[in-house]
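Asks: Here it is, the structure in full.
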Amino acid sequence: NSPRGTAEPQCMAARLKRCVVRRRDGPEQHGVAASCLRELRDKACGVLAIDKARGPITLVLAEDGTIVDDEDYFLCLPPNTKFVALAKDEKWSSKGLDRGTSWLQGSGDEVDSAAEKWKQLARQLKDDLSNIILMSEEDLQVLIDVPRSDLAGELAQSETKIQVLQDTLQQVLDRREEERQSRQLLELYLEALKNEDNILSKAAEPEAAPRKEMDVVDTGTSSTDTSATAALSHQVLAALKEKPAPELCLDSQDLELVLKEDAAALASALGWDKQKAGALQEACEQELSKRLQQVQTLHSLRSTSKGKKALPWGDWPSAKRKK
């Protein structure tokens, strides 16, 4: 009887499968041994303190959430397979679950990315100091703000050398800021040149425009008066008569035509006295002179701007620093 009684427990132990179970949101795991799925469910409810009212539970693989409800599949699983026990109305979620044994770690073991970022950047500098040129301005500022003693310990350098390093990082950061401001100034400068070209082209359009076909004005006067006002169109004469300040409404070409007219012929064509026609011609002359001065000023600015455009890129930051 004794040999047979010893063999039965050994046979039963051989059929047991070692498993690891835990709850969906719990960090604790429990090791259990079961010969079938039903036994594993019963033991899981016991060790995980799941209320029977929330049963029956569902067992899923902790690795990917596969539901294990087939007895043969359970028997094919390797020992120490990890299961998650889901009570009624619970669903498996991959959030917070890492493969392997990392899912056992609690929230206190989570890495503070903000605190560790400067260490990662410091390791990059330790591997190759030229990585400075690849760092963003935000990364540079992070290393500048790190306490000198902490950075010295991470890089295994003296605090004096760390001070030199942080000063260098600050210089790189300042230089990038100067370059950004220089680019902004250059963009504003190019925009001003573009606007200036538009103004010059609009000012040159009346002068370059083809002369309009003028209608001969029949004023009922002598042939001399008719030939004197032949260059003025009906539209120009109407503007001279009706507008309160006609010199502002006419283009430069029409202003020149009005100035070339004989004052007496112009007065006759407009039905004005000679004094009023003379005053009109004087106002047109002043307006034309003002426009010519504006064009000359714009040409002068353009010449100056072309000289500035020839400056090398490096002169922009240096000019800013001199200011």
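Glycine too: its Cβ is placed from the backbone N, Cα and C atoms.
OK, TrEMBL features for this one:
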- 15-94: domain 'CIDE-N' (DOMAIN)
- 155-196: coiled coil (COILED)
- 205-215: compositional bias 'Basic and acidic residues' (COMPBIAS)
- 205-225: region 'Disordered' (REGION)
- 297-323: region 'Disordered' (REGION)
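How buried are these features, and what lies next to them?
Replies: Taken together, the residues of the domain 'CIDE-N' (15-94) have an average pLDDT of 86.
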Asks: Using DSSP, what's the helix, strand and coil tally for the domain 'CIDE-N' (15-94)?
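Replies: The composition, in the requested order, is 21 helix, 23 strand, 36 coil.
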